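Contents: one structure, followed by commentary.
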Amino acid sequence: MPVQRTLSIIKPDAVGKNVIGDIIRRFEENGLSVIGTRMTHLSAAEAGRFYAVHEGRPFYNDLCAFMSSGPILAMVLEGQNAVVLNRQLMGATNPKEAEPGTIRADHADSIDANAVHGSDSEENAAIEIAFFFSDLDLQSRG
Ligand code: IDP
């Protein structure tokens, strides 16, 4: 399986609940390494740029408001099959549909406040990583 990088964001709800450590533990225990981190507080406009692909969808404004409602932790995960593995650990977008034991099943409250973001493809991962990080910020273990 290829070694990949993917972008993970711990969203404002999970940062507010003090479960950063629990979420990172799940990544590390499943073979993903954290190779870059950045805690920040996005403006609504910055959240809108990050989620530009969803512009025009009915949930877009709520999503931008929520993502700018408090601090987030953006990080780059590296490991074999990182994109799909991260999505599996996250669970379904709607926590009511998330598999037991996933991050969203355990920490998400609603489809809006759903604890984490993860890139959905290697191509989008590269774009999303570049949104938050430069190469100098990343310390590969490879
Ligand atoms: P993902 O985070 O599981 O990749 P996306 O489809 O990329 O899901 O949507 C981005 C975010 O927008 C979701 O995490 C969720 O918070 C929000 N979202 C997606 N679909 C809906 C919806 O139908 N209603 C409300 N919010 C939604």
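Placed from the backbone N, Cα and C atoms, the Cβ positions cover glycine too.
The feature domain 'Nucleoside diphosphate kinase-like' is assigned by TrEMBL to 3-140. Marked as ATP binding site by TrEMBL: Lys11, Phe59, Arg87, Thr93, Arg104, Asn114. Under the heading active site, pros-phosphohistidine intermediate, TrEMBL lists His117.
Annotated features, which come from TrEMBL, shown on the structure.
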residue : record                                          : CB count, 10 Å
Lys11   : ATP binding site                                : 22
Phe59   : ATP binding site                                : 12
Arg87   : ATP binding site                                : 18
Thr93   : ATP binding site                                : 13
Arg104  : ATP binding site                                : 23
Asn114  : ATP binding site                                : 23
His117  : active site, pros-phosphohistidine intermediate : 20
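Screening the recorded positions Lys11, Phe59, Arg87, Thr93, Arg104, His117 for a C-beta under 6 A from any atom of ligand 1 leaves Phe59, Thr93, His117.
Taken as a whole, the domain 'Nucleoside diphosphate kinase-like' (3-140) shows an average pLDDT of 98 in this prediction. When the record's ATP-binding residues Lys11, Phe59, Arg87, Thr93, Arg104, Asn114 are compared pairwise by CA position, the greatest distance found is 21 Å. When secondary structure is read from DSSP and collapsed to three states, Lys11 (ATP binding site) falls in the coil class.
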